[in-house]
Amino acid sequence: MPFSNSSDLSPSFILASIPGLEAAQAWMAIPLCSAYVLAVAGNCAVLLVVRTEPSLHAPMYFFLCMLAAIDLALATATVPRILSFYWFDSREISFGACLLQMFLIHTLSAIESTVLLAMAVDRYVAICHPLRHAAILTNGATAKIGLLAMARGVLFFLPLPLLLLPLPFCGSRVLSHSFCLHQDVMNLACANTTPSVVYGLTAILLVMGLDAVLICLSYILILKAVLRLAAWRERLKVFSTCIAHICVVLAFYVPLIGLSVVHRFGKDLAPLVHIIMGNIYILVPAVLNPIIYGVRTKQIQRRILSLIHVNER
């Protein structure tokens, strides 16, 4: 039956399930729940370590705290709802809840992209202009960048749910994922979605697309500065300070690009592919980011080990 948010007081969508594997969903939720617990524990550990260790009160670690908070919010906005679907067969999500979840996913992703760009600039200044690093990236400037990232994400992606709000929806109500994304919800509308398509693509290009280009540019400049160093050992030592950030950038952008490709060109793919790609996009950065920085940053390693040692006593 067709439905419209103007004529139906409580329109809803149906979250996607894997055809033929509905009976196994409870078991399939176990690795998803484990990944969520790992993401929460890892990111909370990063926040705790940076907060309690004065030597880590520096811009790079404040940016890392921002990433941890964003990943926690993004995972919490989606995974508990997915688990309630898998464990309690709660497949239906209201129109308002779907729009809110969609807004949070896209906005938080935009904020994370901006923070990753700020971290790239931090690495560029630290390597190419080390004497000016402390003067340029102060704690106050770091806080302003965080606020700017939040404002940028909200302003660019608030119009997405507002453009969908007046549209009528008819035919199938089944989404392609276990959560709500703009492209997915938009495809179910039975009206002209050209403004929503154009604005959504423009917002993605002006935020994630522009950030990716600027991150690449910053690393080209960093690479040029590193190659000017005489000794190979010194080059490797300097560039090794960027390895963790490069890994985090890849953990964010590779799933994002993969999910976009699946949405644009993978309409004939099996539903399992859409669901797996969606879960990877939500959870991979949240799980990997604290692990990457925990492995690559000795100060974080030492602080975590000291906290574990104190708890064991």
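Placement of Cβ uses the backbone N, Cα and C atoms for every residue, glycine included.
As recorded in TrEMBL:
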type     : residues : note
TRANSMEM : 26-49    : transmembrane segment
DOMAIN   : 42-293   : domain 'G-protein coupled receptors family 1 profile'
TRANSMEM : 61-83    : transmembrane segment
TRANSMEM : 103-125  : transmembrane segment
TRANSMEM : 145-169  : transmembrane segment
TRANSMEM : 197-222  : transmembrane segment
TRANSMEM : 243-266  : transmembrane segment
TRANSMEM : 272-295  : transmembrane segment
Stretch-level contact, the transmembrane segment (197-222) and the transmembrane segment (61-83), CB cutoff 8 A, at least 3 pairs: no
Of 26-49, 61-83, 243-266, whichever stretch has the most CB pairs under 8 A to the transmembrane segment (145-169): 61-83
Highest-contact recorded stretch vs the transmembrane segment (243-266), from 26-49, 61-83, 272-295, CB pairs under 8 Å: 272-295
Overall pLDDT of the domain 'G-protein coupled receptors family 1 profile' (42-293), taken as the mean: 91
